[in-house]
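According to TrEMBL, the signal peptide annotation covers 1-19. Per TrEMBL, domain 'Alpha-D-phosphohexomutase alpha/beta/alpha' is recorded for 44-186, 224-338, 365-460.
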Amino acid sequence: MTRLHLPLLLTTLLQCSTTTTTTALAAGASTVTREVPTSPISGMKPGTSGLRKKVEVWQEGTYVENFIQSLVDVANDSDDPSLDTVIVAGDGRYYNDEAMQKIVRVLAGNGVSNIWIPRFGIMSTPAVSAAIRRCEGGKAQGGIVLTASHNPGGPGEDFGIKYNEALGQPAAEEFTDALYEKTMSISSFKTVDSEDVDFSASVGSTFQITDSSTVTIMDPFDCYLESLKDCFDFDKLRQFAKRNNFSLLFDGMHGAGGPFAKRVLVNEIGLPETSLLRANPLPDFGKGHPDPNLTYASDLVKKMGLTPEGVADPAVDIEGIPNLGAANDGDGDRNLIAGKGVFVTPSDSLAIILDNWEAIPHFAKRGGPKGAARSMPSSAALDVVAKARNIPFFVTPTGWKFFGNLMSSKELFDNTDYTPFLCGEESFGTGSDHIREKDGLWAVLAWMSILMKANENVKEGDPLVEVKDIVTNHWAKYGRHFYCRYDYEGVDSDLANDLMDFIRNNYVEGSADSCEADDSGINLIDAIEFGYTDPVDGSKATNQGLILNFNLSSGDPARVVFRLSGTGSAGATIRMYLEQYEKDSSKHDQAAPLALKDLANRVLKVVKFEQITGRDAPTVIT
């Protein structure tokens, strides 16, 4: 791992800029820190990916200052030495710049010496993680990331802040719990009075906020690009991209990932700029929902020859369709993968990457993955491959921080080394140990590398092995795990909890025998509540989802998982995950929602879903 100390970092930044300035902001060097009285604001409990609220909540009073002061206090309590160097970056959503100016002042008021901000204030979450891990100048204890990930942005929509710790990983539950406690006891915050920092200033520009606190405008790309070049063979990818019959289409969804896709796919690999859709970040994501799934990436889905259900559209001629399609979310950490007339579910994508690790230099040069993991709601497709390839694997709660412990087992705890490591979750997240976040572009390059390997003996001009060939061959080898998710958004929180209590009381703590049989032939076998003991540090996570296991009339297994999402900003989202295994290859071409319809109908009756929640249809099926 390359580590840049501050003089070298600044030299690198200066080389990327034609002009470099050092500005003492008005009253900067003589600015006096003010301690402003405040009082606790309720509801500042971070979820699995930070604190997300409607933007108007963040805009009110001292909401931002209270949260950041509490964050700084916890970081100073847990870090040795005290917080000194911090990256502050965002996904460019509405209120990004205004909140960032407030954060700069609170950090300066608390004596943080070095505040690194990407030019224009925009940086993908994976890039922040890479910069924390690789650009050490003093050193960077972490990063404050302004994002609500895949949630919409703009007035009336969502805003969020999360914290990544010194290895680039999302803050651990111990940290976020302590942060919440601080927000409930805060009595003042520290800040300074200074002019706004010019985030559009050239890379390498510095702004003297106080005698001891400086903002430096950093290049958002360098450390991240370096991390990707350590994982993939860019020279070979450039050659593959030159093939006349290869094309790629990437949808940035007007999020932070767009500029990074342009830098990597166009500037580095040489694909034409027409390979990019919606690659310019917008505060409201073009009034879209920046979630890379079949519903919200509908334009890409259609261009890949797919119906809204994710199956090949028979009315579309696939000859003119790109070989590989992909999309990012708002902060660039999630991904959608598709081929000509085929949608690759996130769970299948993870399993196929594991089975084709030889195509990815990050794994191949070290003899293959030493560990793999999936979130519990993800399908068991990964498990089947890991067992066949003799690779240790883990099933964790939802939240990338649980993967972080496994990836950092040796680095942080001096325990078993599971790196190189592959991990992912069903909510369109895939990544490896090159950083400590999921990484949308990494997944795109992984699939491009798999395609490149599959076509290494295909002569120029001959038909290419396509994504669909790779997927169908995988199913023929391992069987297919049909999988989809029903999201019921904006459910009254009390009703959502009533549903979970009904399942828990009747089937987890009760008995599956209480479930009456019907003519579907789908029988409830048992129900459990998922809990997790971390194999690295021994910490425990409870109440991580309710699992109902079924047997189909064919004898094959099926399961349904219920979880309440902790990442929304209003009401509750009930997520229902459906999975059933099918070994008969003649049935593999069905659309997943259709194949799972009987299971969905059965479980909705079993848990009295409509009766309890009043909802008769999901908001979205992915």
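Heads up, the Cβ atoms here are built off N, Cα and C, so glycines get one too.
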For the domain 'Alpha-D-phosphohexomutase alpha/beta/alpha' (365-460), residues assigned helix / strand / coil by DSSP: 36 helix, 18 strand, 42 coil
Three-state composition of the domain 'Alpha-D-phosphohexomutase alpha/beta/alpha' (224-338), taking helix and strand from DSSP: 43 helix, 18 strand, 54 coil
Summary of DSSP states over the domain 'Alpha-D-phosphohexomutase alpha/beta/alpha' (44-186), given as helix, strand and coil counts: 59 helix, 34 strand, 50 coil
